[in-house]
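Peer 1: One structure coming up, written as structure tokens, with questions to follow.
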Amino acid sequence: MLFLRLAGAGTASIALLLSFRLFLLADTASRLVFLAWAMWLGAALALVWPGILMSDTYSAYLYGLNFPIDSWLGFMTPVGYQFVLQVIPKYWAISLVQVLMAAMLLAYADWTVRRLGGGLIARIVLHLPLAASVAFVSTSLLLSRDVPFAMIQVALALVLLNYLLDRHWTSTRYIVALSLLSALGLVVRTDGLLPAFIAMAIVLIKVLHSPRSTALLFSAFAAPLLVCSLLLPSVLGEWQNRWGYQLTLALNPLGQLVQGPYYESTPGAARTAVDPIIPYDRVVERSIPQEIPLYWDQAMNPNATEEQKQGFLAAVTTLIVENPAKFVSAKLMTAGYASGLGPRTLTFVEGDIAGNWSTLNASNPYYSDGRPMSHVRSLFGTLGPSRESVMAALSSTTQYQGMHLKGSFLWWNFIPELVLLLLVVLAYRWAPASSLAAVLILSRIPAMVLFAPGSHFKYYFTVEIAGSVLLITAFLEARLHLQGTSWSTRLLTGAQRVRSNWSAGTARNT
């Protein structure tokens with residue numbers, strides 16, 4: 001553990017220096033976009049200092065203090081938190097890292113738009129909706145692994161888009177970037193495997209004409225993915241409560257399936273299997289589509305045997321298989337609440353633990369003193385709005401007030417972005433690169449809908465970011481395509497213009 005912390009401090013310091021070097025090498029426009037977003041999100045962070053913290057934040061911190069690392073949140077998030085906290089032992093440092101990640105991502109998106117010939121209007125359309133989005137700005141400040149994971153996935157999609165535009169199928173820089181982003185996404189969340197597979201498949205298809213290149217590129221992808229999906233988790237991680245994790249996935253569909261009529265090939269089998277774990281009648285009474293209150297109530301039988309646990313999971317699986325229509329409709333309802341189309345019982349704004357730090361039981365080791373943050377205070381003191389008033393304002397945006405342009409329907413509705421991504425996919429004939437990037441983003445959404453344990457917006461943060469970004473790139477790509485034979489020439493000219501600006505910036509910094 002000590003070795004990991006020392007290595008983490010060094011890694012974090014090197015990453016900071018490399019990021020600064022990358023900033024210096026970027027062209028002037030990219031630097032300005034990065035600084036603008038860093039200032040905008042930094043100002044938002046100052047209002048909710050030290051960031052929006054939730055139970056996952058503390059869990060990741062605590063998991064990183066022990067070895068082997070509990071695999072509930074994967075090993076990368078706890079390790080990453082420790083990397084940052086070894087350099088700056090405060091939670092706001094992690095918030096700042098996420099701010100810089102978001103700024104870098106949008107600077108790269110801006111570079112991509114300019115490469116496709118996008119002018120000032122296209123760039124305003126890219127940035128303004130995100131800058132005005134309460135969902136985007138506040139979620140960027142949420143300390144949960146789903147947030148950096150979403151940024152990694154969008155970065156992967158943009159790199160894939162630029163790789164397809166470049167048409168240099170064996171380009172080392174793109175292959176390395178795609179491979180590393182795929183591997184990084186996979187170690188943050190295991191459902192990053194499908195986007196990684198899609199990226200690898202597209203690259204391999206492009207180089208199939210060369211067996212040697214195919215073998216090399218497959219190795220370039222396969223090696224990091226195998227290391228990150230098999231080697232590192234087995235060496236650094238260990239499931240300490242796999243049953244608890246399985247329970248969180250099972251309780252939400254179970255509760256919705258047993259409420260109202262459902263089919264059983266063996267009548268009474270579900271009640272018989274559920275009762276030893278949680279009283280069946282309590283499941284019917286307490287379950288809601290938006291959350292898993294029975295888990296947070298700790299209503300489970302702590303003395304349940306392994307046989308009873310497996311019987312419970314088997315019964316839930318059987319109910320799902322025998323009632324597919326009810327299961328799918330129930331999970332669509334859960335996703336609908338996440339999109340602001342209905343009332344949610346608890347959002348991460350209401351669940352923000354940072355604001356309740358002083359009221360937590362100090363004797364509880366989970367919240368005891370000695371953590372990277374012992375209290376919360378306004379960064380502005382009495383000169384600016386209090387953190388409580390800002391969080392209350394954010395909370396008002398999460399309240400469902402019907403299908404009107406206010407409340408959660410206006411501020412937390414990702415359905416428009418989802419529709420935009422589907423339109424980009426359908427535009428493959430005119431914008432193939434943007435279309436495949438949209439496929440990569442959408443690839444994990446069905447799994448999120450079917451298996452998400454609650455109505456949490458953060459699960460769909462990739463859609464919120466990528467929707468408007470890929471719509472603009474698709475429009476610009478299609479515009480070049482519809483101009484006929486000059487498409488390749490115009491694209492090359494745009495790329496050369498951006499690269500010349502990059503080179504000029506590099507020369508000045510040198």
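Even glycines carry a Cβ here, placed using N, Cα and C.
So TrEMBL says this about it:
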{"type": "TRANSMEM", "residues": "6-25", "note": "transmembrane segment"}
{"type": "TRANSMEM", "residues": "32-52", "note": "transmembrane segment"}
{"type": "TRANSMEM", "residues": "91-108", "note": "transmembrane segment"}
{"type": "TRANSMEM", "residues": "120-141", "note": "transmembrane segment"}
{"type": "TRANSMEM", "residues": "147-165", "note": "transmembrane segment"}
{"type": "TRANSMEM", "residues": "177-203", "note": "transmembrane segment"}
{"type": "TRANSMEM", "residues": "215-236", "note": "transmembrane segment"}
{"type": "TRANSMEM", "residues": "409-428", "note": "transmembrane segment"}
{"type": "TRANSMEM", "residues": "459-476", "note": "transmembrane segment"}
Peer 1: Most CB pairs under 8 Å with the transmembrane segment (147-165): which of 32-52, 91-108, 120-141, 409-428, 459-476?
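Peer 2: Out of the listed stretches, 459-476 contacts the transmembrane segment (147-165) most.
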Peer 1: With pairs restricted to those 6 or more apart in sequence, evaluate whether the transmembrane segment (120-141) and the transmembrane segment (177-203) have 3+ C-beta pairs under 8 Å.
Peer 2: no
Peer 1: Cβ pairs under 8 Å only, please: of the recorded stretches 32-52, 177-203, 459-476, which one is richest in them relative to the transmembrane segment (91-108)?
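Peer 2: It is 32-52, which has the most Cβ pairs under 8 Å.
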